[in-house]
Amino acid sequence: MRCVVYSIAKSSPLELVKIYQKQCRQFDCELELVDLFPKNTANAQKISKEFAQKSYSLAFEPYLNPKAKNIALHPKAQRGDSFAFSKMLENHLNINFFIAGAYGFEENFLKGCQAWSLSEMTFSHEVAKIVLCEQIYRALSIIFKHPYHK
């Protein structure tokens with residue numbers, strides 16, 4: 001299994017994420033983080049919400065894979081507990097997660113993904129990545145009946 005978390009962010013190594021990456025390997029899952037921040041994104045964010053959202057879509061579109069499960073994190077999307085999250089991931093070998101910048105996703109981009117919400121609360125990219133990586137590890141623990149999830 002391969003899970004890739006794509007985010008509109010400048011690179012920021014997170015020690016806790018590295019721990020979850022290592023733990024996911026025991027379930028034969030490669031957890032990878034890819035930070036994208038094209039030059040046009042900074043300018044687009046200064047112009048308008050619409051320009052910013054378009055720049056996020058353009059950055060993410062090459063990574064949308066029709067053979068993978070594509071999941072966009074969106075505060076107004078479906079949410080559930082860790083068991084529901086694990087069901088969503090189960091039986092998929094390639095899973096792509098997308099975390100937009102401050103202005104969120106364009107509606108057109110969301111149509112190509114399943115949307116999921118970690119919370120109604122707003123998180124920094126760093127916190128969202130840590131929560132997501134922990135939940136991926138927890139989902140794998142549930143799927144493989146590992147005692148971590150209890």
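Glycine residues also receive a Cβ, built from the backbone N, Cα and C atoms like all the rest.
Quantities reported herein were computed from a predicted structural model and do not represent experimental measurements.
Sequence annotations record features per position, and here Swiss-Prot assigns S-adenosyl-L-methionine binding site to Ala100, Leu118, Ser119, Glu120, Met121, Thr122, Phe123. Of all Cβ atoms in the shown protein chains, 12 besides its own fall within 10 Å of the Cβ of Ser119 (S-adenosyl-L-methionine binding site).
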Find the longest CA to CA distance in the recorded S-adenosyl-L-methionine-binding set Ala100, Leu118, Ser119, Glu120, Met121, Thr122, Phe123; express it in Å as a whole number.
15
Distant-in-sequence Cβ neighbours of Glu120 (S-adenosyl-L-methionine binding site), under 8 Å, six or more positions away:
Pro75, Arg79
Counting every protein chain present, what is the number of Cβ atoms, excluding its own, within 10 Å of the Cβ of Phe123 (S-adenosyl-L-methionine binding site)?
16
